[in-house]
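Trainee: The structure is given below, and queries will be raised subsequently.
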Amino acid sequence: MRLSILSVFSLVGAGMVSALPQESNLSMKRSDTSECVGPLLCCGTLTTPLDPVVDPLLLALGIDAANIVGSIGLLCHGYEESSCPTKPQCCTEANLLGGTLALGCADLK
């Protein structure tokens, strides 16, 4: 009987530890450009994958917004420090429609 009670407490303890918040991968992506799918980008806007304006476009392209990790960059072009008012973005999933839509984006530090 003691063995089964100890087993239950061990499982509960392991479950509690695994439920603690972990460091986000987003912070690693922001400083590591090796995961970018192309050049650094200058995006007019960064939005969430579940944005009601972007969601129909994603659906039309056959992309499930729930599977996107990071932000969505809109109206992106190659980053040039002299002509970009924002921080450069690293997009790790896709750059679609000539930069109109970039997936998995995050600002670089």
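Positions of Cβ are set from backbone N, Cα and C atoms, glycine also.
Dumping what Swiss-Prot says about this protein:
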type: SIGNAL; residues: 1-19; note: signal peptide
type: DISULFID; residues: Cys36-Cys90; note: disulfide bond
type: DISULFID; residues: Cys42-Cys84; note: disulfide bond
type: DISULFID; residues: Cys43-Cys76; note: disulfide bond
type: DISULFID; residues: Cys91-Cys105; note: disulfide bond
Trainee: Counting every protein chain present, what is the number of Cβ atoms, excluding its own, within 10 Å of the Cβ of Cys43 (disulfide bond)?
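Mentor: If we count other Cβ atoms within 10 Å of Cys43 (disulfide bond), we arrive at 25.
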Trainee: Can you count the other CB atoms that lie within 10 A of the CB of Cys84 (disulfide bond)?
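Mentor: I count 17 other Cβ atoms within 10 Å of it.
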Trainee: Consider the disulfide-bonded residues Cys36, Cys42, Cys43, Cys76, Cys90 and say which one has the Cα lying nearest the Cα of Cys105 (disulfide bond).
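Mentor: Considering only the listed disulfide-bonded residues, the nearest one is Cys90.
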Trainee: Out of the disulfide-bonded residues listed (Cys42, Cys43, Cys76, Cys84, Cys91), which are within 10 Å of Cys36 (disulfide bond), Cα to Cα?
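Mentor: Cα filter at 10 Å returns Cys91.
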Trainee: Quick one: pull the CA-CA distance for Cys90 (disulfide bond) versus Cys42 (disulfide bond), whole Å only.
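Mentor: Checking the Cα atoms of Cys90 (disulfide bond) and Cys42 (disulfide bond) gives a distance of 9 Å.
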